[in-house]
Every structure is written in C-alpha cells, then in structure tokens.
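A.B. asks: Here it is, the structure in full.
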Amino acid sequence: AAIAQNTQDHSKRRVAYYYDANIGNYYYGAEHVMKPHRIRMTHHLILNYGLYLDLQVYRPFPADYDDMTRFHSEEYVTYLKKSVPSDMNMLDMQMVKFNFNKDCPVFDGLYEFCQLSTGGSLAGAVKLNLKKSDIAINWMGGLHHAKKGQASGFCYTNDIVLGILELLKHHKRVLYVDIDVHHGDGVEEAFYTTDRVMTVSFHKYGQFFPGTGGLKDLGAGKGRYYSLNVPLKDGITDDSYQGIFKPVMTKVMERFQPDAVVLQCGADSLNGDRLGPFNLTLRGHGECVSFLRSYNVPLMMLGGGGYTPRNVARCWTYETALAVGKQLHDELPYNDYFDYFGPNYRLHIGARQEKNENTTEYLKKVQSMVLANLENLPFVPSVQMQPVPGDAITCLSDSSFARDMANPDSRLHPSIMDGVTQDQGEFYDGETEGDDRKNEYNAKRAAENGKENDAKRPRIDE
C-alpha cells in the first residue's frame with residue numbers, strides 16, 4: 001500500500017528533484033562531521049515512502065569550470081580542480097590563501113563533488129526559468145559559506161549564489177531565505193550591494209561560527225536594507241521560531257514581492273544536531289517550507305548543514321513531502337538504512353527539555369528592529385530592462401547542436417536526459433511492478449475465489 005497520502009492543496013505542484021547516486025560516495029574524513037552520505041539516506045527514504053511518484057526525478061549534469069567561474073575566481077576554481085589529498089601534508093601558501101584546512105579538507109573527488117552540488121542548483125534554476133516546474137529541490141546543494149575565492153565552513157563552491165545568478169536572468173527580484181543554524185554569510189556577501197536579491201537569515205548568533213549576521217548587517221550602497229538578519233539564541237522552540245519567522249517573512253513578501261524564492265533548508269537547526277543548539281522539530285522546521293510554498297512563487301529548496309545524518313534524512317524527506325503536497329505516516333518504511341533510525345523507527349522527533357534562552361521580550365525586540373528596517377525599503381524595487389543572457393545549461397533551450405556533439409559512449413546528453421524522469425521498471429513498490437501475475441497477491445485470491453465458485457456452481461450432469 002502507498003505510504004504517502006494526499007493532503008488538501010489548491011493545485012498540484014510540478015516538483016523537479018535532482019539527485020546523483022555518486023554524491024554519497026564522497027568522504028570528508030573519519031573525524032569530520034560533514035557526511036555527504038546523509039543525502040543518500042534521504043533519497044532512500046524518499047523512494048521507500050513512494051514520493052518519487054509525484055516528483056520529476058533528474059540526475060543533474062555536472063557543472064563545468066565556466067559555470068563555477070560565473071561567481072568564483074578562476075584562480076580558486078583552478079586550484080580546486082587540481083588539488084589532491086596529499087596536498088594536506090605540506091605547507092602550501094595557496095592552501096592558506098584558499099582556506100583549506102581541517103574544516104575544509106582536500107578529499108578524493110572534491111572537484112567532482114562540487115560539480116554535482118552546483119550542477120543540481122543550476123539545473124533547478126534553469127528549470128524554474130523555463131517554467132517547466134514550480135518547485136526545484138536539490139538536497140545536494142545549499143553550501144552557503146563558500147566565498148568568491150575561499151572555502152569556508154565545509155563549503156567549497158557556492159551553488160546558491162550560482163543558482164540565484166541564473167534565476168536573475170529571467171526574474172527581476174529573487175528572495176533568499178536561510179533557516180540553517182549558521183548565518184548564510186557567503187550568499188549575503190555576494191549580494192550585499194544589490195537590490196535585486198534580498199537575503200534573510202535566521203541563525204544562532206554570538207560565539208558561534210561564522211560570527212557574522214548581527215542586526216546591524218543590513219547591506220551597503222544600493223543594497224542597503226536588502227540584507228536582513230534575525231539573530232537567535234540557544235534552545236529556540238517551534239512556537240518561538242514561527243512567532244518571529246512568519247511576521248518577518250510576511251512583511252518581506254509584502255515589501256519586496258520576489259519573482260522567485262530560494263530556501264536553504266539546513267537541518268542543523270533541528271534539536272539533537274551535533275553542532276546546532278536549537279530545539280526545533282521537523283514540524284517547526286517544515287512550517288517554513290509550507291509558509292513560503294503558500295505564496296505560489298517559483299521556489300528552489302536546497303540542502304545545507306545538518307550533522308546528525310538520521311535526522312537530516314528525516315527532515316528533508318518530510319520537506320519533500322510538503323513540496324508535493326503529501327502526508328507521510330510516522331512509521332518509517334523499510335529501507336537500506338533502516339537500522340540508522342532506531343530505536344523507535346519513526347519519522348518525527350520530539351522537542352527536548354531544554355531551556356529556551358529566546359525570551360518573549362528578546363524576540364519582540366528583534367522583530368521590531370527587523371520590521372523597522374523593512375519599512376525603509378521602497379515598495380517593489382524596479383529593474384531596468386536588459387537583454388536576457390543564455391541559460392547555463394544551454395541544451396535545455398536549444399539542444400540541436402549540443403546533441404550532435406555529445407559522446408553517447410560516456411553519457412547521454414542532458415537535453416535527452418532532461419526529458420527522462422522516471423521509469424516504472426527503475427522504481428517499484430513490490431511484486432506487482434514486475435508483471436509477474438502468477439505471484440501477485442490479487443491473482444492468487446482471484447484464483448482461489450474462482451475455485452470456490454466452481455465448487456458451488458451446479459454441474460450440468462446433476
């Protein structure tokens with residue numbers, strides 16, 4: 001039986017979902033808290049809940065050098081491409097310059113990892129630009145700390161910035177919302193002086209990485225008041241979080257009126273995270289997704305932080321369900337990583353008995369200051385007309401020449417793969433998908449009922 005159930009919705013959303021099976025193979029190191037394997041765990045939960053039936057499932061084409069240098073410096077991307085793990089054993093001035101260290105180590109396949117993460121966000125942005133989907137999901141992305149020429153906070157390439165730059169080709173104004181426990185400093189820094197992108201970050205502030213994101217960080221020049229920060233303290237609960245999130249975001253949507261929204265869904269703001277001190281549950285975290293989804297604006301949902309893998313998988317599966325408008329049973333379906341979710345094997349996690357240091361007075365003060373800053377914004381900033389640049393993945397709009405140039409021995413061209421969503425033989429729920437009718441439960445019952453009826457039916461010779 002299907003585990004995912006429909007919930008009431010005004011219209012069915014077209015949701016594009018990007019995933020590459022190789023993403024779970026990358027390994028930061030034995031003692032590192034970042035585990036790309038959590039994305040594979042998420043994917044398996046999504047499959048076994050049956051959510052793939054409501055998704056357009058795509059394997060993104062890896063971003064190339066030119067894609068990455070639309071934001072990052074050529075010197076940095078060149079070093080990223082040629083670096084090898086053995087570089088960590090020697091004192092290299094470039095490593096210091098580009099901030100490679102224990103937090104941001106060089107590991108096997110680093111450049112390919114960045115290509116997949118960035119490729120998913122670029123493909124999602126192009127898909128939204130072409131109006132082929134309403135929501136794009138890339139749990140491989142959301143690496144919000146990466147700078148133009150530096151790695152930072154486990155992040156190497158800023159797929160969010162590159163995705164937003166792509167969205168700006170077709171959308172006048174883009175809103176970026178960050179609900180990771182850490183401040184989205186890399187994205188804020190990239191758009192600090194523009195009024196076409198508003199960045200809003202809800203995060204832990206004070207003696208906490210990266211140390212930025214105070215109330216007075218508002219943007220500069222033309223971007224003054226287009227960077228908003230909501231600094232929070234330890235132990236914030238679902239009710240407290242939504243008590244400030246909804247009023248602030250309601251005002252942001254009213255004043256800025258974005259044409260597209262990018263939501264970074266970092267799961268380290270959940271309770272029980274190895275690095276985050278918040279006390280959110282899946283419902284409180286997911287309410288942010290539901291709230292922004294309700295505006296019916298093109299939405300891109302990205303991953304990010306999250307250092308307790310089993311809870312990351314729970315969170316992003318739940319939020320995938322919210323995106324497609326499905327309700328999930330709390331009892332987890334069996335999957336390849338079922339043992340990770342013990343001892344209760346449930347989807348939802350409960351709040352912890354911890355002190356919420358965010359008092360009502362403190363939250364009211366922060367809210368009033370943020371709303372006061374929003375009052376300085378002009379209503380719906382205008383954008384001068386300009387030529388629309390070509391798409392990052394050009395084959396989605398004009399594929400004839402690219403198909404001819406493609407090498408079918410290595411991989412089908414993305415223009416072909418983009419039209420391939422899911423195959424019923426690739427994902428299946430049970431025996432019925434294999435067309436083995438002799439072993440089907442219904443077929444056996446039908447045969448048994450047939451025999452019973454034959455026994456009851458009067459014979460001609462009687």
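The backbone N, Cα and C atoms fix where each Cβ goes, and this holds for glycine too.
No curator has checked TrEMBL annotations; they are predicted automatically.
Keep in mind the model is a prediction, meaning the values are calculated, not measured.
Below are the features I grabbed from TrEMBL:
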BINDING   Asp103, Gly153, Tyr307  substrate binding site
BINDING   Asp180, His182, Asp268  divalent metal cation binding site
COMPBIAS  435-462  compositional bias 'Basic and acidic residues'
REGION    406-462  region 'Disordered'
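Are these features on the surface or tucked inside, and what are their neighbours?
C.D. replies: A simple way to gauge crowding: the CB of Gly153 (substrate binding site) has 21 other CB atoms within 10 angstroms, across all the protein chains here.
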A.B. asks: Measuring Cα to Cα, how many angstrom lie between Asp268 (divalent metal cation binding site) and Tyr307 (substrate binding site)?
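C.D. replies: So the alpha carbons of Asp268 (divalent metal cation binding site) and Tyr307 (substrate binding site) sit roughly 6 Å from each other.
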A.B. asks: Rounded to an integer, what is the Cα-Cα distance in Å between Gly153 (substrate binding site) and His182 (divalent metal cation binding site)?
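C.D. replies: That comes out at 9 Å between the alpha carbons.
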A.B. asks: Near Asp180 (divalent metal cation binding site), which residues of its chain come within a Cβ-Cβ distance under 8 Å, counting only those 6 or more away in sequence?
C.D. replies: Gly142, His144, Ser201, His203, Gln264, Cys265, Gly266, Asp268, Ser269, Gly304, Gly305
A.B. asks: For the substrate binding site, please report the maximum Cα-Cα distance among Asp103, Gly153, Tyr307 in Å.
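C.D. replies: Farthest-apart Cα atoms in Asp103, Gly153, Tyr307 are separated by 13 Å.
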A.B. asks: How many Å lie between the Cα of His182 (divalent metal cation binding site) and the Cα of Tyr307 (substrate binding site)?
C.D. replies: 12
A.B. asks: State which of the following binding-site residues has the fewest other Cβ atoms within 10 Å around its Cβ: Asp103, His182, Asp268, Tyr307.
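C.D. replies: Candidates: the binding-site residues Asp103, His182, Asp268, Tyr307. Fewest Cβ atoms within 10 Å: Asp103.
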A.B. asks: Setting Asp103, Gly153, Tyr307 aside, what same-chain residues sit with their Cβ within 8 Å of the center of the Cβ atoms that define the substrate site, listed in sequence order?
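C.D. replies: Result: Val33, Met34, His145, Phe154, Phe209, Leu275, Gly305.
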